[in-house]
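Some features that Swiss-Prot has for this protein:
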- 11-280: domain 'tr-type G' (DOMAIN)
- 20-27, 88-92, 142-145: GTP binding site (BINDING)
Amino acid sequence: MSPMSLQDQVATRRTFAIISHPDAGKTTITEKLLLYGNLIQSAGTVKGKKSGKHATSDWMEMEKERGISVTTSVMQFPYKGATVNLLDTPGHADFSEDTYRTLTAVDSALMVIDAAKGVEQRTVKLMEVCRLRDTPILTFINKLDRDVRDGIDVLDEIEDVLNIECAPITWPIGMGKSFKGVYNLLTDTTVLYKTGQGHTVQDVREVKGLNNPELDEAVGTDYAEELRDTLELVQGASHEFDLERFLAGKLTPVFFGTALGNFGVDHMLDGLVQWAPPPQPRDATARTVEADEPKMTGFVFKIQANMDPRHRDRIAFMRICSGTYRKGIKLKQVRTGKDVRIADALTFLAGERDNVEEAFSGDIIGLHNHGTIQIGDTFTEGEELAFTGIPHFAPELFQRVVLNDPLKSKQLHKGLTQLAEEGATQVFFPLRNNDVILGAVGSLQFDVVAARLKGEYGVDCRYEPVSVATARWVEADSDKELAAFERKAHDNLSRDGAGHLTYLAPTRVNLQLAQERHPDIRFRETREI
């Protein structure tokens, strides 16, 4: 068999992320996808919070304790001729920045909705992010094996709240204890549900034709009649699937099922492989980069410290945007201008790492990082270009970090700077004193940092309140203007972990006054990396 060309490799890639509100069942779906990709033999490993078994994709100590996905992990698996790259995103509300950046590295997204709760606040936020790039969205309405809301209601809510058209591909028959299966509107086939099959891929029974007497026999006449009546309503009130509108991010195909009961996930996966786009062109400073160009380019969207407690290492996650990675390739790190030879890139199955011989556009690889790689770094085979649109946000909460052992100050600085590189928190060093201030988007991040400083760096610390209301990165057209501002506003200025000058405002009013007094200084809420 001749090896596949780059064009063929790119055409088979599907790189997507899962977005959902916490507890909508995202981790369970991740497990089931791996089951269909033959990566795990039994998908009984996510019972999250109560049972002792832990989800395959939630591998950091703290996640194991809390049952939330705090870090984005990457999993690659084969399915029906495609190579699927799944990026798992943190489901907890505090981790929006990490999730935001992950969504810059995918070509499509799967939205998971709890059928009992409908559209929840976190999903709304994530959809706004997908909107910015018109990311195509598939929808899985989960937990049909529980008592849930009416399907038409849930679709109406998705259309109203998320402002996207819904095209149901499958439709549920019954729910809760009397959930019977789903009817596929495109193939005119009913797929029947049997309980207690959550751990393995089972053969399912299918009935062809909506008016087939076998259907009445299989689900009962009442349910069959109700399905026929409901479908008339559904087809009258909803949109038909339209590939162009889906690819433009305007319409979402909707699948119903139960991830825990291992039912319906494969229907969604079939849709993903059939309709979701392969790797797309990417905007860079100099030009747009096509996915099937022969030379390799890529950008780092995430850095994860200590993925392997045995190795005390940091891994930079890189999305390949064009070309082929081959072991030993020489790449230019555009920000520093340095050439690096990469012989030990990794691929992932949630904590299981393997050295990769080659990888293609659309794939995610891990680079060993000894402090030289930053989020947003572009790597090329020599060309001067940088991929755009990977943001840092100004934090909203601040605490002063106080060491319980003053002799550990060096380890504290190192630990905080490394953890800040991951992008979930930011560290600030005020110019006027030796304080260390930690900034975050949500309060859980402070707990995460304290736990990781202790567990991974041997640093015991506590937090104290600090009078900082908000932070802004400051820029000016000339170094002279910036230096003058630095003298005048010295008491409010700090450097962040990457050395950028930052204004820490004690109040919103103070920030407003500073902006009025210094019109030649730009106060930025986000910093493009």
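Every residue gets a Cβ built from N, Cα and C, even glycine.
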Three-class DSSP secondary structure - LYS26 (GTP binding site): helix
For the binding-site residues SER20, ASP23, LYS26, THR89, the one whose C-beta sees the most other C-beta atoms within 10 angstroms: LYS26
Confidence summary for the domain 'tr-type G' (11-280), mean pLDDT rounded: 82
Reduced DSSP assignment, SER20 (GTP binding site): strand
